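Trainee: Per Swiss-Prot, the features are:
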type    : residues                                                       : note
BINDING : Gly641, Pro642, Asn643, Met644, Ala645, Gly646, Lys647, Ser648 : ATP binding site
Amino acid sequence: MNFQEFKHKYGYDAATKMMQQYLDIKFAHLDCLLLFRMGDFYEMFYEDAVLASGVLGIALTKRGKNGDEEVPMCGVPYHALENYLTKLIEENYKVAICDQLETPEEAKNRGGYKAVVNRNVTRIITPGTVIEENLITTAEPNYLASLVVPKNKDTAALCYADLSTSTIFVVNVPELEILNELARLKPREILLSEHLRSSDLASNISKQLNFRITYQVDSFFAVNKCEKIILDFYKMKDIKGVGEISNSQICAIGSILEYLTLTQKENIPNLPKPKIIDFHSYMTIDFSTRRNLEIVTNSCGGNKGSLLSTLNHTVTKQGGRLLYNFLSSPLTDTHKINQRLNITEFFHSNLDITAKVRELLKKTSDIERCLTRITMNRGSGRDLLSIKYTLETANSIKEIFFDNYGFELPSFIEKIVKPLIRNDELYNLIEESICEDAPNNLNDGGVIKHSYHPKVLQLHDLINNGKLHIEKLKDQYKKETGIDSLKISHNNVIGLFIDITAKNANKINDPKFIHRQTTVNSVRYTTAELQKLESDLVNAKTLVVSLEKELYEDICKRVTKQSDYLRILASSLSGIDVFCNFAYIASENDYTRPEFTDDLSFDIVKGRHPVVEEALNKERKSFVHNDCHLSEAERIWLITGPNMAGKSTFMRQNAIIAIIAQIGSFVPAKSARIGMVDKIFSRIGAADDLIKGQSTFMAEMLETSAILAQSTKNSLIILDEVGRGTSTYDGVSIAWSVLEYIHDKLKCRCLFATHYHELTIMDNFLPAMQNYTIAIEESGKDILFLHNIIAGAADRSYGIHVAALAGLPASVINRAEQILLKFEKNAAGKGKNILSTESNNLSLFAIESPKLQNSKLEEKFKTIDPDKLSPKEALELLYQLKSNFIKQ
C-alpha cells in the first residue's frame, strides 16, 4: 500500500492534526503495533487497537470518526507500559514506542495553543531486542539471529547476538545442520532475506521450530553495505579487525548490527566484536534428539522435568544462563572438557569453600544485563548499585580462595579468581555518587548523593530549607534598612515580596529595592536576590532532577568505559557459579568424574538417569542402576524386553550421561570411561507431523534417514522401535537393514531397542552386535519388572500384561490372550522365527498372516435381522445371547 492509498483508507485529509501525525508515523512502521504517547497513556488506533485489546485484555473504545465509521481505540497507562509489553513480546509482536519529545507547554511556546506536541518513535521492541529484566521472562539467552544462505554453497553463515548481555557470535553452519543449530540456540527472532520467504527452510523454521522470522529486503544483506556497517560500528578501517570471516559472515554480522541500530534508534548498543565459533567445537544434537532427551525443556516446552531443571542449582541468573549454554553445546575437545572437569573436581574436593562461595554468590547481581541497560540509556541508579554491591561481594569471594590457599591456588582456579579483584576506581565512583535508596525512575529524583556535587547540595538545601533561606534574607534586609517591622510575604499575583509600612517607605534608599506595589497601609518591594531565591525555590525540584540526570549520564559513561572489566568479572562469577553447582550436585547425588579415552569406549558402571532418579527420590523410591559397556568390539547393543521395563529410560540415560560428561560435570554413575561423542542422535517415539501432512511412520523414517546420513564413527545413536507403524514384514526388514548399515558402514556406538525378536539372531553374523534384555520375574500370570539390563534376548514383550496394568477391560485382555495363543501356535507350527539365517537371500514373506476365527457369538449375530424381530422375540434372543456369552 502506497501513502496515497493509506491516506485514503484512513481519511487522512479530514483527520485532526494530531491524528495526521499518528498516521504519518504509523505509515513508517506498518509492520509494528504503534503505541502512541498521549499525556499519561500510550494509545493505539484502528487495527492495532482491535488486536491489542484482545491480546492485552483491555477495553476497546472509540475516538472520533473516519467517514461514517468510528475509529477503534485502546490505551495503557505509561507507568504500566512494561507490564503490557511483556504480553505483546510473549506473543511475538513487534512494537514501536512513540514518545512525546516535548511538553505541551513547550509546544505552545513553539507554535501557539493549536500546536501539536512533537512525537516520534524512540524505540522498536521485538522479541530478539528486549533488554528490560521484566520483559525477559526466562533464564535462557535472548538471541536475535541473522541467517545468510548463499546460493550454490553448502555452508550458511549464522550470526547471533544477545542484546541484553551485549554478546555476539558468528558461525559457519553446514546446510544440513541449519535447523539443528537453530534448535541449539533457540533464537527469539531470526532475520531472513525476502527471497527465502517461500523456501522449505523458512517453512521449517516457522512451523517445525516455531521461531519468529523477520524478513528483510535482499539489499539489507548486501556484502558491501554490511562491511561498511561493521567498519563504522566498530570504528575500524579494515574488516580483518573482526577476524578471518567469509562474505556470508560479513552479511550476517552487518545485518544484525543494522537491525539493532534501526530498532534502538539513538541508543546504540555497546557490543564487542563478534566471537567466531567453530561449528565442530561442540556436540551436534539435532532438533528431535533435544526434544526426545528433554535437555533444556520438557516435551511440552516447559522447564519442569527437563535435564536443565535437575542440574540447575545455580544461585545467580548469569550462572543459570551459562549452564543453559553448556547443556545446549557440550564440548568435543577432550582437552577443554578435562579443563572444566579439573575445576569441578577442585570445588568437589573443597566443599567448605564451595558452600561459602555459593552463599556469597547469592548476593551478586546480573551485572551483564545491568551494564547493557546502563550503556543503552535504559538503566537506573539501582543498576549502578547492583554493580557496586557485586564488586564488593566478588572481592569477598576472592578472599575466600586466598585465605584457604594463599599463593598455592591451582593455576586453573587462579585464572577464574583473578578477575574478582575489586576495581576501586569504579567502586568508589558509585559509592560516592549514588544514593543507597535510589529509585528506579530518574524522574523521581533522589538518585545522586547530595555530597557528590555542590550544586546538588545547594538545590536540596533550597528544597528542604526554603523558609529558612527566606528568614535569613529578611534579617539581612532589616539590618540594611533599619526597619524592624520589615517582612517578606507571598501572594499568587506577585509572588514573594518585601513588605514595609507606608510610614517607613522613606527609609528605602538603596536602588536594589525595586518597587512593586503600593497599598493603603504598605509599600511592597523586591530585589534581584529575592527574585532569584523565588525562582530557585520554584524550580529547585525540576532543576535538581535535571542536574541529577546530567550527573547520572556522566557516571554511566565512566562506568561504560569499564565494560571490558565488568564483562570479564561477570564471566568469572557465572563460571564459578556453574562449577560450584556441578560440585554441589555431585556431592548431593554421588556423581563421579568421567574419564575420556581416544577410542570408542562407552563404559558406564552403575549409571542412572538423573531426572528419573530425582523424581523417584521425591517419592522415597530408589532408581535401579545399570551398566553399559560399548566398545570397538561391541559397538551395538540390541535391546529386547517387555514394555514398561525401562528400555527407553536406559537408552536415554546413557545419552544424557555423555552430554553431562562433555559439559564438564561429574556424572550419575559409579564410574564412566567415554570416548568423545561428536554427535548424539535419538529417535525415541514420534508424533504425527500434521502441519506437514506426515504420518508417524513417515516422520520416523525421515528422522532415521537423517541419522544415517549425518552420523560419524564417533557418534552415539539411540534408536527405539525402528520400523513400527507399518506391516510386520516391512518393519522387520527396515530395522534389519538399518542395523546392518550402522554396523557395517557407520561403525559407531548404538543402542537399538526393538520388539522384533527376529532381529536377535543377527548377532550370529554381526560380530560387533550383542543382545541385551530387561530382567523380569514371573509368578503365574504376575510379572515383576526388575529394570536390570542383562545379556541375552527376550522372546516375549508382555504387552498384554502392560495393557492390563493400563486398565483395559478384562474382556479385552482375555480376548487378546486368546488371539496371542493362536498366533503363537501358528508360529510354532511354521518355525519360530519369521527370518532365517540359512540363506543370504532372506525369505521375509514365507509365512502367511494368521487368520482370526470368528467366535460363536459373531457367527450368531450374522444370522440376525433386527427388523424382522418382534419385541418378544428380541427379548428372548437377548437372554439367549447373554447365556451363551457367559458360557464362552
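Glycine too: its Cβ is placed from the backbone N, Cα and C atoms.
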Trainee: Within a 10 Å radius around the Cβ, which one of these binding-site residues has the most neighbouring Cβ atoms: Gly641, Pro642, Gly646?
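Mentor: Answer returned by the neighbour count: Gly641.
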Trainee: Fewest other Cβ atoms within 10 Å: which of the binding-site residues Met644, Ala645 wins that one? Let me know.
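Mentor: Among the binding-site residues Met644, Ala645, the lowest count of other Cβ atoms within 10 Å belongs to Met644.
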Trainee: Starting from the Cβ centroid of Gly641, Pro642, Asn643, Met644, Ala645, Gly646, Lys647, Ser648, the recorded ATP site, name every other residue in that chain with its Cβ within 8 Å, sequence order please.
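Mentor: Not counting the recorded site residues, we get Ile774, Phe785.
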Trainee: With Cβ-Cβ distance below 8 Å and at least 6 positions apart along the chain, what are the contacts of Lys647 (ATP binding site)? List them in sequence order.
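Mentor: In sequence order, the residues whose Cβ lies under 8 Å from that of Lys647 (ATP binding site) (at least 6 apart) are Ile639, Gly641, Asp720, Ala753, Ile774.
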Trainee: Would you identify the secondary structure of Asn643 (ATP binding site) according to DSSP, in three states?
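Mentor: The residue in question, Asn643 (ATP binding site), is coil (DSSP, three-state).
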